[in-house]
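> Straight out of Swiss-Prot:
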type	residues	note
DOMAIN	40-137	domain 'Radical SAM core'
BINDING	Cys54, Cys58, Cys61	[4Fe-4S] cluster binding site
BINDING	Tyr60, Gly108	S-adenosyl-L-methionine binding site
Amino acid sequence: MTSCSSFSGGKACRPADDSALTPLVADKAAAHPCYSRNGHHRFARMHLPVAPACNLQCNYCNRKFDCSNESRPGVSSTLLTPEQAVVKVRQVAQAIPQLSVVGIAGPGDPLANIARTFRTLELIREQLPDLKLCLST
């Protein structure tokens, strides 16, 4: 059984009973702001718009949507190259020491943009090895 809680831009779901998780997974979830019950108050996260392509073309998905009041994974005003993305991450990490997770969630499907996605993750891993990497497809 899972429990979902609403947040700006969607829902976060996790097992209703954390004892169902292995100790390794429970430790990782506790330090990840998307899955930890209290983590989103202590850790900062950043999503990088490096993946424009999507092979699904779902009717409900409008990846061209761009609104200054809309801030969630998959909505972006600009597209970054992998090199631009790692520069941006370094700038944010310097300004916000709580940054602990960097994710790629669009604006398309990261796995439909495998070269850009993996190059971005590779550069971040090389230059900022303490950050957790997240991929949402």
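Glycine too: its Cβ is placed from the backbone N, Cα and C atoms.
On this model, are these features tucked inside or out on the surface, and what's nearby?
Using a 10 Å Cβ-Cβ cutoff, Cys54 ([4Fe-4S] cluster binding site) registers 19 neighbours.
In three-state terms derived from DSSP, Gly108 (S-adenosyl-L-methionine binding site) belongs to neither a helical nor a strand segment and is classed as coil.
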> Would you identify the secondary structure of Cys58 ([4Fe-4S] cluster binding site) according to DSSP, in three states?
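Once the DSSP labels are grouped into three classes, Cys58 ([4Fe-4S] cluster binding site) ends up as coil.
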